[in-house]
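So the structure is just underneath, and the comments pick up after that.
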Amino acid sequence: MTDVLIVVALLLVAGAATAAVLNRDPMRQALVLSFLGLALALLFTFLQAPDVALSQLAVGSAVTPLMILLTVRKVRRRPGSGDGVDKPAGRER
Amino acid sequence: MTVLPYLVAGWIFLIGVYGLVTSRDLIHAVGCLAVTQSSTYVLLLAVGYRNGGTAPVFADAPTDSRVVDPVVQALALTDIVVGATVTALLLALVVQLRKRHGTVDPDALSELKG
Amino acid sequence: MSPRVRLWVFLVGAAGFAALFAAACLDLPAFGTVPHPYGVRAVHAALSHHTANVIASVNFDLRAFDTLGEESILFSAVIGTVVLLRQARDEHRKDPEPATVHPPVRRFALLTLPFALLVGLYVIAHGQISPGGGFQGGVVAATALHLLYIAADYRALERVRPLTLYEIGEAAGEAAYVITGLAAVLAGSAFLANVLPFGTLATLSSGGTAMVLNAAVGLEVTSGIVVLLARFLDQAVEIEEPGEGGGSPRDTRDSGGNGDDERERA
């Protein structure tokens, strides 16, 4: 039973990691990273590591995505153009 | 099942590095680095797991019960929190780069410097 | 290096890594069956020091010096971020717009805030007994404080969060860790050795210095994460680059009472 849970959690983690990398928009990536943190916390719980799961839950699904979102918000405010939120920063040469 | 956890750790590492290599946005690259980092946690905890073992906490368990390896868990646990602050440092560098050079595209930055 | 060349270099390297890693994995003992000599010894050492949570014992007792290193990385990373994100001379501060919050969201956030904060402190305090400790509880407590940003707005958060206090707290946490280590030297033992009485297994005062070091880390992580998030929020919400956002008029008086009410209620 535990084995099945571990396999499911492993596949979930692998899928979430792939999705987090392939989402090129940092805003969406932050949300997927949050989900990856949740999946990792689940996996660590099944691997009998509640300490690590707690750490991963707090950091991976809250602090890191939050800091990425704040950075995106800061970086995408172009001088003069107000809140250019829809414009992907970094594509302008 | 016997090697799946190790292979998943390897896959997470490779996909994370792939993201770093092809990234066109430094914020996205920092996110990919976080993904790459999580592969080490999966590998460490997979090595430390024992069939039928419980968490190494003896508050209400008999002291001779079979537990998983606590050493690798301690390694992973501190690294997760320290890793978050390092991610913060990298994101702060991205904010600075954007201020000084007006872009967060790594390719545009290298063209800028020649 | 052009993107295409870079991709090819990666693909060659990845293929090599994948082959070597897969070969190594097939040679590893099967998942879940390895004997763990170090794990068994760590469990014995932790129980002989009356620490119920073996992981906390490994972190704050058996490998306390290693954790000092980790804490210093955390400390310097926070300092580096604070230095990088400080307000530059050509930037100016703008009062953030008071935000309107939907009442259900506000009620939910205000309701969860004390519980989340309490859970964080509980997790820090019971680090040597149950899963948790300074690292995890610190992050939970620091994040919980930011529920106020969701419940009210940025200005309400700023009023209840004296940043200088947290900056001092971070340094005090790091200092307390080193001082505990030096106290062990003064007591005639080695640096960071566990010299305090071990207490009874699975009680709040068990574990000797592991308990003190755990609290020091809890203080440092809580303060460090609060300072980090505060700096990022500052940059995202308040600090403006020259010429930025010039054309958007802000009427701060319009719903300015919003934040005040919330502060009183919180």
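Any Cβ shown, glycine's included, is placed from N, Cα and C.
Unlike curated entries, TrEMBL annotations are predicted automatically.
Feature annotations, courtesy of TrEMBL:
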TRANSMEM  C:72-88  transmembrane segment
DOMAIN    C:106-226  domain 'Na+/H+ antiporter MnhB subunit-related protein'
TRANSMEM  C:108-129  transmembrane segment
TRANSMEM  C:135-154  transmembrane segment
TRANSMEM  C:175-196  transmembrane segment
TRANSMEM  C:208-230  transmembrane segment
REGION    C:240-266  region 'Disordered'
COMPBIAS  C:250-266  compositional bias 'Basic and acidic residues'
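Helix, strand and coil counts under DSSP for the domain 'Na+/H+ antiporter MnhB subunit-related protein' (C:106-226) come to 85 helix, 0 strand, 36 coil. For the transmembrane segment (C:208-230), the most Cβ-contacting stretch among C:72-88, C:108-129, C:175-196 is C:175-196 (pairs under 8 Å). For the transmembrane segment (C:135-154), same-chain residues at least 6 beyond its ends with a Cβ under 8 Å from one of its own Cβ atoms are 59, 96, 98-99, 101, 105-106, 109-110, 112-113, 116-117, 119-125, 127, 160-161, 217-226, 229, 233, 237-238, 258-259, 262-263, 266. Same-chain neighbours of the transmembrane segment (C:108-129): 51-53, 56-57, 60, 136-145, 147-148, 150-151, 202-204, 206-207, 210-211, 214-215, 218, 222, 262, 265-266, counting only residues six or more beyond its ends whose CB sits under 8 Å from a CB of the stretch.
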